[in-house]
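J.: In case it's useful when we look at the structure, here is the feature table from Swiss-Prot:
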type    : residues                                 : note
BINDING : SER14, GLY15, GLY16, PRO17, ASP18, SER19 : ATP binding site
Amino acid sequence: MSTTNKKQYLIGVSGGPDSIYLLDRYQDQIKVACHINYNKRPTALRDQLIVSDYCLKNKIPLEILSVSPSYQYHKNFQDQARKIRYDFFLSTGLKYQVDQCLIAHHKDDFLETAIMQYDKNQELLFYGLHQESSYQSLKIFRPLLNLWKDEILSYLEQDKIVYGVDESNFLSTYQRNKIRTNLSKLSQEQKQARLDFFLELNKKNQVRYQSVKDFFSSWDCNYLDLINSLEYYNLLYLWFSKNNIKYSKQKAENILSFLQKKNNKRFRLKAGVYLIKEGIKLKIVKL
């Protein structure tokens, strides 16, 4: 991740403390800010105005996507909202000719994600959030993963920077919110101990994880190489995560059965997305 003063980044800004902090710290390097108003809660317009006021004051170009209140979400809201969000980042990046995006995930987000993954009994080689990832052609950077939420709030309060609070973050509807509530009851030392547990797991699996990433750098989509690998499940997890497809061990086992049968040519991964066999080659296709 470059840290020059060149205006090279797109940034996602919700109006909450994390993204406002990130915007304030990187404002000189921001080419365009993106805000999505899902119109799902009474304070949505307030957050939009917080973002637009900050960008106007600091002369930062801003693109706003306002989702119709009547928009029908046909599946998990958070999953669909994420797709809407990142598709908007992608199209805005193309418009402004920028392919690097800043996201305000911090140390608490890392820990919450790691706990969610661990609680699902997913035997992963990496828990938490990556400093760098990608969404299609867009490079994603998370420069706040070394900061706790409390540190972000202290900065904003000290500098009297306005931000909004998303009240849906406190609803027990979502598993992440339940984990967040439980973590809020811990001391800083206890939270750090939980974090250290996952960092140690990641360190222990570092060599194996690198070998899984290296596999894809030379893989020619021959599915025999995939199913014959001792890291089959981890390979599939990484491949799916890069293509925004949910992974489960049961799905991986069903795919293994599909690949071992000669007659079947396609496997449904999610609505409109299939795994297609063409000879010994394998690809993910939207139909």
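From the backbone N, Cα and C atoms, a Cβ is placed for every residue, glycine too.
Show me how these features fit into the structure around them.
T.: Within 10 Å of the C-beta of GLY16 (ATP binding site) there are 18 other C-beta atoms, taking all protein chains into account. According to DSSP, GLY16 (ATP binding site) sits in a coil region rather than a helix or strand.
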J.: How many neighbouring Cβ atoms, not counting its own, are there within 10 Å of the Cβ of SER19 (ATP binding site)?
T.: 25
J.: Near the ATP site, what residues other than SER14, GLY15, GLY16, PRO17, ASP18, SER19 in the same chain have a C-beta no further than 8 Å from the centroid of the listed C-beta atoms?
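T.: So the extra residues in range turn out to be VAL13, ILE20, TYR21, ASP47, ALA104, TYR163, GLY164, ASP166.
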J.: Looking only at Cβ atoms, how many others are within 10 Å of the one on PRO17 (ATP binding site)?
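T.: That number is 22.
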J.: Name, in the order they occur in the sequence, the residues of the same chain whose CB lies under 8 A from the CB of SER14 (ATP binding site) and which sit 6 or more residues away.
T.: HIS35, ILE36, ASP47, VAL51, GLY164, ASP166
J.: With every protein chain in view, how many other Cβ atoms are within 10 Å of the Cβ of ASP18 (ATP binding site)?
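T.: Total other Cβ atoms inside 10 Å, all chains included: 22.
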